[in-house]
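Structure record follows, encoded as structure tokens.
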Amino acid sequence: MNYLPIFADLRQRPVLVVGGGEVATRKIDLLQRAGAEVKIVALALAEPLAAQHQAGQVEWLAQSFTPELLSGVFLVIAATDDAELNAAVFEAANQRHLLVNVVDDQPKCTFIFPSIVDRSPLVVAISSGGQAPVLARLLREKLESLLPASLGTMAEIAGSWRDRIKTRLHSMPARRRFWERLFVGRFASLVSAGQLEQAEGELQQQLVNQQDEQQLPAAARGEVALVGAGPGDAGLLTLRGLQVMQQADVVLYDHLVSADVLDLVRRDAERICVGKRASTHSLPQGEINQLLVKLAQEGKRVVRLKGGDPFIFGRGGEELQAVAQAGITFQVVPGVTAAAGVTAYAGIPLTHRDHAQSVIFITGHCRPDGDSLDWSTLARGRQTLAIYMGTMKAAEISQQLIAHGRSAQTPVAVISRGTRHDQQVQIGTLQELEHLARQAPTPALLVIGEVVDLHHQIAWFGQTTPTVPQDSRPAVVNLA
């Protein structure tokens, strides 16, 4: 992040604008909408600015710029077509540690103006940091069409009730829940329809409901949401998953959850890494189960965020059993499992009419006392094997499949960090699986079957060419 997005209170604060032409006029209009006291330094004024000066709306200093004019100023804008003058304004302001913007000269800016969607008091600011202003403008236009004009009225009503809500709902979590429910419910529809009196009545009813809820024991208010985070690319997170993450009081997450997905969690939610990887846990599974129950019994909305889908080799079922036995309300938000997302990004269809009529999901990390795999069934042809957490067992997997009849030349793929910018796909044969797995960064998915050969034709993610040369050695393809 090259710029920190902040909202400055300019009401009754002096802002100096150097320049009196068309560009200065546009900037001054924006400053006045924010309540700034504008001083213009220019030898002449464009007609709109001259009219504002006559009306007493701006102060005009009809002289050349001197550094002394910066005394007592909050921020500075240079909006002239004189590069030398603009540079002088920048240097003088910078020496005095004043925020300064030289229009259309980013290196001479200590702040920049974003594209704005104005639904005052709700304001959305968009910036590309000066790298792609047209892209920022297009995004603003998109948001203009998506955000209803009634949002401003909704925010004004909320502001008028804010102090009263604080006196009746004493805890921050209770107030947050109240506002979240209010803004997505009937209240929003009434405001949008212009029925403001009815909207305030709905607000009062929701406040009563929230107060009644606060009388319940904490354990009755807490809840757990088991959310699948997908394989890594934040774009694969479900809409429902995002909504639940944005409402969480606390989030328990694994190492497999990508940083991009974690960035979507509500900013002030507590985050606890329980750090699960194959055979390695920051917390034992039993302690994770107990922590989920404990946090929910404190009245918190708990999100258990798991890579992929929580019910596919994620032990999500075990966690929910503990939650259910404690009598806690819960919900499940499915996620894109690694076998589906990672293979799609690698250009490997799990089934194909010519190659595989079935797919089997397998974990390489079984219980030590568990039953052994049915290798005879797994070694059959015309099926795809997708093996989670299998890199440490790659040698055994290869040996057993070959021993039970699968061809040693069966195509295999080891896909590391799938769907992420640093995804790697290693292609080889079943007899080379141990070597490929040893090379692969983790986490990695093993894919075994004839469908792997289609990678050479339809790989698409991050590549400049859809084909990968084949030779007798494993091919390592970096799809970063």
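Going from the start of the chain as shown, residues are counted 1 onward.
Just so it is clear, glycine is given a Cβ too, placed from its N, Cα and C backbone atoms.
Database features, via Swiss-Prot:
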REGION    1-203  region 'Precorrin-2 dehydrogenase /sirohydrochlorin ferrochelatase'
BINDING   GLU22, VAL23, LEU43, ALA44  NAD(+) binding site
MOD_RES   SER128  phosphoserine
REGION    222-480  region 'Uroporphyrinogen-III C-methyltransferase'
BINDING   PRO231, GLY307, GLY308, ASP309, ILE312, THR337, ALA338, MET389, GLY418  S-adenosyl-L-methionine binding site
ACT_SITE  ASP254  active site, proton acceptor
ACT_SITE  LYS276  active site, proton donor
Candidate recorded positions ASP254, GLY308, ILE312, GLY418, pick with smallest Cα gap to ALA44 (NAD(+) binding site): GLY418
C-alpha spacing of ASP254 (active site, proton acceptor) relative to ALA338 (S-adenosyl-L-methionine binding site), in angstrom: 14
CB-centroid shell, 8 A cutoff, S-adenosyl-L-methionine site PRO231, GLY307, GLY308, ASP309, ILE312, THR337, ALA338, MET389, GLY418, site residues removed: GLY230, LEU256, PHE313, GLY314, GLY335, VAL336, ALA339, GLY341, VAL342, TYR388, LEU445
Inter-residue C-alpha distance, the residue listed as 'phosphoserine' and GLU22 (NAD(+) binding site) (nearest angstrom): 24
Alpha-carbon spacing, PRO231 (S-adenosyl-L-methionine binding site) to the residue listed as 'active site, proton acceptor', which is rounded to whole Å: 12
Extra residues within 8 Å (Cβ to Cβ centroid of GLU22, VAL23, LEU43, ALA44), NAD(+): GLY19, GLY20, GLY21, ALA24, ALA42, LEU45, ALA46, LEU49, ALA79, THR80
Rounded distance in angstrom between the Cα atoms of GLU22 (NAD(+) binding site) and ILE312 (S-adenosyl-L-methionine binding site): 61
Neighbouring C-beta atoms (10 Å sphere around the C-beta of the residue listed as 'phosphoserine'): 17
Using Cα positions only, nearest of the recorded positions to VAL23 (NAD(+) binding site) (ASP254, GLY308, ILE312, GLY418): GLY418
Residues near GLY308 (S-adenosyl-L-methionine binding site) in space but at least six apart in sequence (CB under 8 A): GLY228, ALA229, GLY230, PRO231, LEU256, GLY314, GLY335, VAL336, THR337, ALA338, GLY341
Least surrounded among the binding-site residues, given as PRO231, GLY418, when other CB atoms within 10 Å are counted: GLY418
Among PRO231, GLY307, GLY308, ASP309, ILE312, THR337, ALA338, MET389, GLY418, the record's S-adenosyl-L-methionine binders - longest CA distance, Å: 17
Lowest local Cβ density among GLU22, ASP254, which the record lists as recorded positions, within 10 Å: GLU22
For GLY308 (S-adenosyl-L-methionine binding site), the three-state class that DSSP assigns: strand
Alpha-carbon spacing, LEU43 (NAD(+) binding site) to ASP254 (active site, proton acceptor), which is rounded to whole Å: 63
